[in-house]
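Asker: From TrEMBL, here are the annotated features:
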BINDING   Ser18, Pro19, Ser20, Gly21, Ala22, Gly23, Lys24, Thr25  ATP binding site
DOMAIN    11-190  domain 'Guanylate kinase-like'
Amino acid sequence: MTESETLPRRGLMFILSSPSGAGKTTIARKLLAAEQSLAMSVSVTTRPIRPGETEGKDYFFTQRPQFDRMVEAGDFLEWAEVFGNCYGTPRAQISEGLAAGQDYLFDIDWQGAQQLSQAAGPDVVSVFLLPPSIGELEHRLRSRGTDSDEVIRGRMDRARAEISHWDAYDYVLVNENVDACFEQVRTILHAERLKRERQRGLIEFARELMR
Ligand SMILES: Nc1ncnc2c1ncn2[C@@H]1O[C@H](COP(=O)(O)OP(=O)(O)OP(=O)(O)O)[C@@H](O)[C@H]1O
Ligand SMILES: Nc1nc2c(ncn2[C@@H]2O[C@H](COP(=O)(O)O)[C@@H](O)[C@H]2O)c(=O)[nH]1
């Protein structure tokens, strides 16, 4: 529940997806800085840690055998293989928080978005970010300076396949300008928080007013 809300409510799962390099990490960071009541869902991954990343903040880094054991034990709300590595959303941190009214932000791919929507439909709000053009997407990947030519080629090859899932999302935005896109994403979050079905005690509240 945020300061501006009157009735308590169930938390929501706010998914940001995009082809690699379209800007979801950039928008997610701004959103987390602006929204104190939003917590990042920290995924488990088998991908190696990158310079500048922190264990437990960016990801929980693990090896494939341990990841497979977690899959077997049903520890993930969703999981998927992306760019040859495994990524999963730990179930424990999310389920309790949602019931307590905590909102979570997910930076996950279309496979994870699909699984979460199927498993937890009404709690999920999904947003897909598109780049303004394929040329601009490649430019952003190159200017980020984190990947080799080969990795960038792989991300570009995959981008078209990822974009083909645009119509499975609740909202689709073109990230042309960071600030404008951030404001649009924030507006969606604020409106979704106010949805009738998320508010607890609304029926009783309205009945009381009508008495
Ligand atoms: N609207 C924008 N205009 C120009 N540059 C942008 C914009 N949004 C993001 N960028 C830049 O593009 C690069 C890629 O952005 P970012 O890392 O947020 O992408 P991503 O979708 O999270 O990628 P990945 O899936 O690989 O983690 C970064 O250098 C970022 O600063
Ligand atoms: N289905 C899931 N996808 C995830 C998860 N965590 C991250 N991701 C996606 O993986 C790619 C690559 O991420 P990177 O940090 O290695 O560049 C990106 O599309 C993420 O959105 C997850 O738990 N489940």
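Glycine too: its Cβ is placed from the backbone N, Cα and C atoms.
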Asker: Of all the binding-site residues given, Ser18, Ser20, Thr25, which residue's CB has the most CB neighbours within 10 A?
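Answerer: The residue with the densest Cβ neighbourhood is Ser18.
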Asker: Around the ATP site formed by Ser18, Pro19, Ser20, Gly21, Ala22, Gly23, Lys24, Thr25, list the extra residues of the same chain whose Cβ is within 8 Å of the site's Cβ centroid.
Answerer: Leu129, Pro131, Leu137, Arg140, Asn175
Asker: Sequence gap of 6 or more, Cβ distance under 8 Å: name the residues on the same chain that satisfy this around Ala22 (ATP binding site), in order along the sequence.
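Answerer: Within the chain, Ala22 (ATP binding site) has Cβ neighbours under 8 Å at Leu129, Leu130, Pro131, Leu137, Arg140, Asn175.
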Asker: DSSP three-state call for Lys24 (ATP binding site): helix, strand or coil?
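Answerer: Once the DSSP labels are grouped into three classes, Lys24 (ATP binding site) ends up as helix.
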Asker: Just to be sure I understand the contacts, which binding-site residues have a Cβ under 6 angstroms from any atom of ligand 1? Candidates are Ser18, Pro19, Gly21, Gly23, Lys24.
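Answerer: If the test is a Cβ under 6 Å from any atom of ligand 1, the answer is Ser18, Gly21, Gly23, Lys24.
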Asker: Let me check the 10 A CB neighbour count of Lys24 (ATP binding site). How many other CB atoms are there?
Answerer: 25
